[in-house]
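> After the structure tokens below, expect a handful of questions from me.
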Amino acid sequence: MSIVTTTSGEASASAPVTAVPEPDTTRDQGTNPVGSSGRRRRGPNAQLVVGGGLIALIALAALVSLVWTPYDPTHAVAVDRLQSPSLAHPMGTDRYGRDVLSGIMAGAQITLLVGTVSVLIGAAIGVPFGILAGMRPKRLGVLIMSGSDVVMAFPGLLLAIVFGAVFGGGTLSAMIALGIGSAPAFARVARSGTLQVMSMDYIFAARAANRSGLAIALRHVVPNIGGMVIVQCSVNFAIAVLAEAGLSFLGLGTLPPTPSWGRMLLDAQQFLATSAYLAIFPGVAIALAVLGFNLLGDGLRDRFDPKMRNR
Amino acid sequence: MAIRLLKLLGSFIATVLVSTVVVFLLLRVLPGDPATVALGIEATTEQLAAWREQYGMNTPLVVQYFEWLGGLLRGDFGVSYVTGQNISPVITDRLQVTLILVGLAMVIAIAVAVPLGTIAAIRHQRPSGAIISGVSQFGVAVPSFLVGMLLIVFFAIELDWLPSGGWVPPSEPAEFLQHVTLPVIALGTVQASILTRYVRSAVLEIQREDFLRTARSKGLTANVALVRHGLRNAGIPVLTVVGLQMAGLLVGAVVVERVFTIPGLGSYLVDSVGNRDLLAVQAVVVVLVIAIVLINFLVDLAFTLLDPRLRRAA
């Protein structure tokens, strides 16, 4: 989460404080716009490498599970129920005899799907509004950011629970709710970057050359705020992974028999005394996914934002 | 200053009002008929009409909204059509439980994060600073409900030191402390990790400020200069984050409440969603949303009052 200034200048939050990269408390207070022009050619930093590696591992598990898992993750085998980790079942089996490793591999699909779709929805709503608010900072900008304040009062998790009440639980409603809930974060980041870009000399030159607002937005604003938006994507991906796990744990996210890590934790709860491994493996998977996206966000921010270097 | 404060207050009231409209519409423009949802598909037409009359569902939507808003202002959330209970006292009781959990979790988070974050910043080029940063980075990634489950495994099941769940009110202090310890640690640990990173970042930022260099040039040691002049300034953004964390926790506590079977507001919300008790869902959501907007308002207010630059600008 980054601290950003609201339309009137005071500090506010761009997203619920649930998953954070290295905070940048000065992001809105005069840093240069970032993007291709601001990048320095450097080797990848450790956070990028570790974060990217963790995400690549999860993506690989998801991809492999599309064509192969050790066992059918939804197939119950009564005689194999609650087996401890062994060579045949490296992460054990659950109360229905389903292989936990297969469930975790298949669960990676849902994690990546929910993260990707919710981030895309959030960015698709938030970024255009943010750019508009930055390019028309007076009345329209104030109106847009006031609307953003209202949406911010509905954190993604709360919105997803409400959607669960209205439309019934499920992956789709969770993705939409988390996406809408993350839109204010994108709007604020985009507005902040746009305000900085709009004060640049080349914008005055573009205006003098009679370029339309849309042309300025597409040609000058979007490329220059791309770095900020990509960092925000990584942050919100981590938030979405945690929120989806929480929703599935509450029974309002991904519905059975589709494997999901949060649901696996819910199922594990009543076997904590005898089979704690049922909670540990999906729990570690969630933590590694969130860690991966947070590290990636930190690494990208470090790369894009000159003020964050040497920390 | 007064104008700025009035603007903040006006913005707060407007956000609350628009939020109530959103909550109202979200839960009234349902796919399907609320009367059928409440009474089931076997209900007769007369029963459905009587139900709509009883719950004021046969009046125009605008009238329904203002009646609901009026009830809200009087603290009357109506009667649940699933349990037949008056919703307001349930919400009052549940909110107290959630506020106790969230409040204690934040106390723990601040008590852990402020010293650790400061040390991590002062020693950011030494192994101890790197270790604190690394641990807090990992702590941020662990879901609080997983921490809760692991705490249950070790402290309730293996060691049998503390109960694995349930709730006892603070009027019985010893029992209360036993029951509240694990859930508060579960919530507080993750928040402490998040806050540690913000404190570290804020202190690092402050260390580069000119006024700290001036303080050191007057003969103060780095640590004394930081304590006397730096921490107060670093506290402003940190206070902001604390407020935002509290707002997030009000909703986020729902999952930990389920792990420890605590009768908080979040548990009531999830139960109401499961029962399709839409009036109760509406009531809980509006209370949470108003609480979040209120906390955001107080954060903005504190920021304005505490930051000399904003104070002067006002």
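Glycine too: its Cβ is placed from the backbone N, Cα and C atoms.
Summarising the annotation, TrEMBL assigns region 'Disordered' to A:1-44. The annotation compositional bias 'Polar residues' is assigned in TrEMBL to A:1-11. Annotation comment: TrEMBL describes A:48-68, A:110-133, A:140-166, A:172-190, A:235-255, A:275-297 as transmembrane segment. What TrEMBL records for A:108-297 is domain 'ABC transmembrane type-1'.
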> With pairs 6 or more apart in sequence, are the transmembrane segment (A:172-190) and the transmembrane segment (A:275-297) linked by at least 3 Cβ pairs under 8 Å?
no
> Name the range, of those listed as A:48-68, A:110-133, A:140-166, A:235-255, that has the largest tally of Cβ pairs under 8 Å with the transmembrane segment (A:275-297).
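Counting Cβ pairs under 8 Å, the winner is A:48-68.
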> With Cβ-Cβ distances below 8 Å as the criterion, list the same-chain residues six or more beyond the ends of the transmembrane segment (A:140-166) that contact it, or say none.
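Distal contacts: 6-7, 12-13, 16, 118, 126, 129-130, 132-134, 173-174, 176-178, 180-184, 187-188, 191, 239-240, 243, 246-247, 250, 252-253.
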